[in-house]
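Here is the structure we will look at.
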């Protein structure tokens, strides 16, 4: 028989006993029951109440619960101003609140001091005698505290950053530690910039969309009915909407000013980093220079050690008995070392500048010519160069430039452009020469060119550089013309392309403007459809919540109600003996399906005898 092996019994996990362990629920329904917030309620009659609310008591949707979470990282949306269930949701990294037409609910901030400041600002606004409705008063207080908190954070960060930047810019001692202090400043700057950008985008979204702007005016929303036609709401702005626009735009400019100061701080940080990099480069260059000098000095001293190796061979040379031979040898070695050091250092220090001096002068002349001359004058010069026949000397080219550019005096260094004109001139000449060479004849231009080549001896480097430059410029113009041609064909397919670049650019601008307008209409349509989908989702979530709480509380769900319907019918009464039994009550028969009522297919579904 085969040996039977029994496996060791596995340890039990005691899952049944662990079912009663209470942990924090991870699903949305569990969070809706578990969340509770300490809030402050404000009323138009200046009444303030501190209480506790849950998402159900506030009427929040399931998707809006994470907006008001206690942890900062629980919500991926840092700022929003939206309307839900006759309420305005206001949320950013400074303050969180739910505003109704008749009261407002403020959530606690990260610090108790900030909560006190925000509550005091709201209380001051609702007690003032203003023409604003209640929700706009609370909104103004929240926006004012948001702008104030952002400005305070920016000022504190700017003070710390400027102190560190000054220390880094003034000295390199302990530069590594100073740069380590810059990293948290950079992180804090990025965080504040992102918060400000999110808050600004939330305000801009409300200002740019009239339907959102009308929905946050809660007082008017109760008094009037919004008629929807086409793709959006009515575009007529009510007085409350105009007040809301002025309010939002004012604080948007304040937040934009804070964002501009942070942008300037970021640029100063980049400038400081560049300065520190230049200081490091300068220090590194000094170290390399000292290392090079030490290397050259070592090589020069090595030259003086060569005679010592010769005299140390223990061979008879005849100079051993000379009285002044030693000093002559020492002097010659010292002079040789000094000459070697001076020669190597001079070659390294002065020869590269002399070699590139002409190139630098040419580039400087080109810069001056392009900056101080008009493009039409340069085009006239290039046209004259193309039409010129025969040999073109440097003096003739300088006279040609001075004749066309009369706005200023032209220096002799700017005549290096003659090579560009010569390169453009050679293109048609070569084609004509190739035709005559194929026929066995020599053109007169060929003789002139050969004579110029024999009489003049230009430097090959300058000629090659000018030719490459002209070739690159010509290729760039050809690519630009091809791009404009393709753009004209795209804008007007089926028609010959235009040659006027200004007309092509004008057509492109008109097309882009039209596409942007169509995109705006599509965006409004998409927004309208999203609102409708959101309404249906809201109804669905409310039904799900009601069903879930009814089932958890032990009530009858929809399935139980359906099962109880037959029991609601009346019972049949007692029948006297000898009388026939009456028909019992019951649910009516269901209607026949439409396919059974259709008689057009009877000859196919049933036999003819039927």
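Placement of Cβ uses the backbone N, Cα and C atoms for every residue, glycine included.
Predicted automatically and left uncurated, TrEMBL annotations should be read as such.
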*Name the residue range among 229-252, 253-276, 325-348 that TrEMBL annotates as transmembrane segment.*
325-348
*With the ranges 421-479, 480-538 to choose from, which does TrEMBL describe as region 'Disordered'?*
421-479
*Per TrEMBL record, range annotated transmembrane segment [choices 204-225, 292-313, 358-379]*: 292-313
_Counts of helix, strand and coil residues, the compositional bias 'Basic and acidic residues' (470-479), according to DSSP_ = 10 helix, 0 strand, 0 coil
*Go through the chain and flag residues at least 6 beyond the ends of the transmembrane segment (292-313) whose CB is under 8 A from any CB in it; none is fine as an answer.*
329, 332-334, 336-338, 340-341, 344-345, 348
*Surrounding residues of the transmembrane segment (325-348) on its own chain - C-beta under 8 Å, 6+ positions past either end*: 292-293, 296-297, 299-301, 303-304, 306-307, 311, 319
